[in-house]
Amino acid sequence: MSQKSKSGKPSAGKSSTGKPSAGNRPARNASRKPRLAPGVAARLAATTALMAVLADHRALDSAIDATDGPFETLDPRERGLARAILGISLRRRGQIEDALGRFLDKALPRKSGPLPAILHVAAAQILFMDVPDHAAVSIAVDTAEADRDARHFKGLVNAVLRRLTEQRDAILAAQDEVRLNTPDWLYERWVMDYGAATTTAIAAAHLLEPSLDLSVKSDPAGWAEKLGGIVLPTGSVRLIAHGPIDALPGFGEGEWWVQDAAAALPAKLLGKVDGLDVADLCAAPGGKTAQLAVAGARVTAVDVNEARLLRVRENLGRLGLEAETVAADVASWQPDRLFDAILLDAPCSATGTIRRHPDVAVLKRPSDIDTLAALQASLLARAAAMLKPGGTLVYCTCSLERAEGEDQVAQALASLPLVLEPVRPEEVGGVDAICRDGFLRTLPSDLPHAEPRLSGLDGFFAVRFRRP
Ligand SMILES: C[S@@+](CC[C@H](N)C(=O)[O-])C[C@H]1O[C@@H](n2cnc3c(N)ncnc32)[C@H](O)[C@@H]1O
């Protein structure tokens, strides 16, 4: 993918999902400012949230949603701008650090408060957003001034950012965007698993703002027309994301829910579920529960996280759908019966969702994959034990890692009373490319479209087993 000098306008991100935890650390003294110049509040919020992700290793959604955090007081426009800045800051983190590093002879002092985040947020705007350079620079200087540690470095902020504006085009032309923005350990894993060309395509897809995908209760063509979107071969409706989701037609009436087109596929692999007793294990926030309920299943949705389970109930309520919800750890849950069918959407590294959650690339470590793979194997064994003879079990993860996908299958077939029921392309909209070796394996580079904002899929793995 070629690099332009500026990569498009900021756009408001999707509404986030996670619930806040305490401890969002605002850039100091920020709250004491009686009135902020236009645009400063959004940058301050972006700076604070970026620190929470990069320095404190918090998930971006939780940093944004913190009720005591700086996003709380932003008006919708500022909120959209702050989210857009954060999205670019994380999506293009490698390029931004490389660019800033060209003007910093040594590491920034430890006692400089939010200085690294202030520089990063400003560089994101200068390099990739349609923000006037002078505004990005002067707001960064003001933000530094407002912090008692960072204020000693406002001269440096000014000098570095001015040089960045002067040398922007040359720097961008010299950078390998795909390589720089992908952590080494992920890049190397993907080259091993998918080859160099596919890895480049995956990493390039991560640089694009994802589309807004909807699962509709019925009439995808009608909803695509009403919402100005397209119908994908897999049945989801796809739009270019803009504005608040709850303002779109059909949201209030519960006609659709937000769900990546790849995430909508595993539930379909259970086939006809009308009237069946189906367990949706690891169900929150309930996208797949809703699919199963719409298809007529009697669904038991199980999740260990009570707060997230509440969101399943809220989502089902809005959609006018029903399911039994159970707060339990699947590892120890003892249902009073065996199920006709089971969907296990196991907790995973979520490396397949980096397009939508660029913080995943920052927060995950190789050791997470090993820990999660062990957990997935134990949950899969529990799920197999809850299945009726003749019943169907679909296991899925939103991960690109084989350890959380293909490798689990080999282990399950060797140790559990399960046989493989290969997935056929006609079950997933006839898209051969996403049906690999009898598994569902989607990649962020799949489903290309002439309009890049309508391209791509989350990286998902799904396999179907039957209990003989
Ligand atoms: C990938 S998300 C599920 C997404 C959901 N299936 C959907 O389609 O909306 C994984 C979920 O697993 C839950 N979880 C993690 N470990 C669990 C466990 N041991 N037992 C039950 N739920 C668990 C998490 O709380 C989280 O909600």
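Counting starts with 1 at the first residue shown.
Any Cβ shown, glycine's included, is placed from N, Cα and C.
TrEMBL entries are annotated by machine, without manual review.
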For the S-adenosyl-L-methionine site that TrEMBL assigns to CYS282, ALA283, ALA284, PRO285, GLY286, GLY287, LYS288, ASP303, ASP329, which of ASP260, ASP345, ASP359 is also named? ASP345
Report, in whole Å, the straight Cα-to-Cα distance of ALA284 (S-adenosyl-L-methionine binding site) from CYS398 (active site, nucleophile). 14
In Å, how large is the greatest distance between any two Cα atoms among CYS282, ALA283, ALA284, PRO285, GLY286, GLY287, LYS288, ASP303, ASP329, ASP345, the listed binders of S-adenosyl-L-methionine? 19
Please classify the secondary structure at ASP329 (S-adenosyl-L-methionine binding site) using three-state DSSP. coil
Listed in sequence order, the residues of the same chain lying six or more positions from ASP329 (S-adenosyl-L-methionine binding site) whose CB sits under 8 Å from its CB are VAL304
